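Asker: Have a look at the structure that comes next, please.
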Amino acid sequence: MAKIKSLDVITVAIILLLVIADQATAITVQADCIGPCNDDCQQLCKSKGYTDWTCASFRTKSSCCCKPPRHQIFEQNAQLNN
């Protein structure tokens, strides 16, 4: 019985470590990823109204990700104060 409890504790610990490791390696990208990254990625993003693009790697493949324009924080504060 004690051996089964010990095995359960070890299993839970391993699962938690794997989840933590996966979250630590995750990258947050503020972008809309459309499809595979190729030479047409920039044209595709510009045709959809985006100003910037990047090729982001997810696990074993690379995707074309269109990034929305960044908003200046100071510009937003100035608009709120007026």
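Any Cβ shown, glycine's included, is placed from N, Cα and C.
This is the feature table in Swiss-Prot:
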SIGNAL    1-26  signal peptide
DISULFID  C33-C66  disulfide bond
DISULFID  C37-C55  disulfide bond
DISULFID  C41-C64  disulfide bond
DISULFID  C45-C65  disulfide bond
Asker: Given the disulfide-bonded residues C45, C64, C65, C66, which lie close to C37 (disulfide bond), meaning Cα to Cα within 10 A?
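Answerer: The disulfide-bonded residues passing the 10 Å Cα test are C64, C65.
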Asker: Can you grab the distance from C55 (disulfide bond) over to C65 (disulfide bond)? Cα atoms, rounded to a whole Å.
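Answerer: Distance (Cα to Cα, whole Å): 6 Å.
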Asker: Please compare the disulfide-bonded residues C41, C45, C55, C66 by how many other CB atoms fall within 10 Å of each one's CB, and tell me which has the fewest.
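Answerer: Candidates: the disulfide-bonded residues C41, C45, C55, C66. Fewest Cβ atoms within 10 Å: C55.
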Asker: What Cα-Cα separation, expressed in whole Å, is found between C33 (disulfide bond) and C64 (disulfide bond)?
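Answerer: Between the alpha carbons of C33 (disulfide bond) and C64 (disulfide bond) there are 6 Å.
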Asker: Round to a whole number and give the Cα-to-Cα distance in Å for the pair C64 (disulfide bond) and C45 (disulfide bond).
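Answerer: That comes out at 9 Å between the alpha carbons.
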Asker: Counting every protein chain present, what is the number of Cβ atoms, excluding its own, within 10 Å of the Cβ of C33 (disulfide bond)?
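Answerer: Taking every protein chain into account, the count is 16.
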Asker: Would you mind ranking the disulfide-bonded residues C37, C64, C65 by how many other Cβ atoms sit within 10 Å of each Cβ and giving me the lowest?
Answerer: C37
